[in-house]
Amino acid sequence: MGFDLDRFESTVEPDLICKLCGKVLEEPLTTPCGHVFCAACVLHWLSKVNSCPVQCQKMSLKELNHVLPLKSLILKLDINCDYRDRGCNRVMKLQHLSEHIENCDFSPVRCRNEGCDAVLSLKDVASHMREECEHRPVELCADGCGLMLSLKEKSDHRCLEALKTHSGFLQGKVLDLERELKRRRLRFSRRERSLLSKLSALHCELHMTEYKGRIDALQNSCIPFNKEEETATLNVTLHRASGCLGFNIIGGWSCEGQEGDSSNGIYISKVLENGTAEKSGLHVHDRIIEVCLISL
Ligand SMILES: [Zn+2]
Ligand SMILES: [Zn+2]
Ligand SMILES: [Zn+2]
Ligand SMILES: [Zn+2]
Ligand SMILES: [Zn+2]
């Protein structure tokens, strides 16, 4: 909704008027067909109808655009304060209006004395509460209840009744606070649950990273070991002792075995203690590359 025309000091150009509300454009947005409306007016319209408000073409929310030059033109117009009817005579540029409204001496404020419903201008509320309000606190009861008495209560105050009213008021307050506490507890426990589930997801992620690190470290420590093993060549001559050579073998050759592929080949799987093989320097995992002489 725009600003009422009669709030402006001079006549407003028709181009600055929203065709939906008939007032001066507030936060102007333009359609692809070039029509301009207040943001609130056109957004409300497009939530129901998917075409330009002057019925010229179909369009969607995404096609709206800001019109900055128009906006700055409107912000320079002279406007009356929102509280002109309450007595404020200030006229200011529209761009300063919201700042003024927050501190306007004539903005309505409710009296904060308990039991008073008076609404006053900001400039008058303090003196009303202090000097005029019949609900303003004046003195502590001297008859024994110890309650703070307002001007109105002072003349016909009875301790017992006043204490009953006060206690009812306090009970009401306690109930309100308990309800609020319950609501907050519920909100915090929901928040706690969501944080815990996020934390556990982060823990899992952390463990995965840790395991990956360990696997990488293991792989790195294995690679040089394998390479070293493969490059050390040993020539041994074994003499059969008490019927055996003192070692077992495993492995074989695949038909398409490639050279250097460690999954192919014949390896020593076991070396007998004090056997011929052990004495000659053979170890488990050694690969047998060539056999020169097989003595039966
Ligand atoms: Zn249009
Ligand atoms: Zn409008
Ligand atoms: Zn004002
Ligand atoms: Zn008051
Ligand atoms: Zn009393």
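Just so it is clear, glycine is given a Cβ too, placed from its N, Cα and C backbone atoms.
TrEMBL does not curate its annotations; it predicts them automatically.
Checking TrEMBL for zinc finger across the ranges 100-145, 146-191, 192-237 points to 100-145. Here the domain 'RING-type' (18-54) has Cβ contacts under 8 Å with residues 1-5, 8, 12, 60-61, 63-67, 70-71, 74, 77 of the same chain, all six or more residues outside its ends.
As a summary of secondary structure, the domain 'RING-type' (18-54) carries 8 helix, 8 strand, 21 coil according to DSSP.
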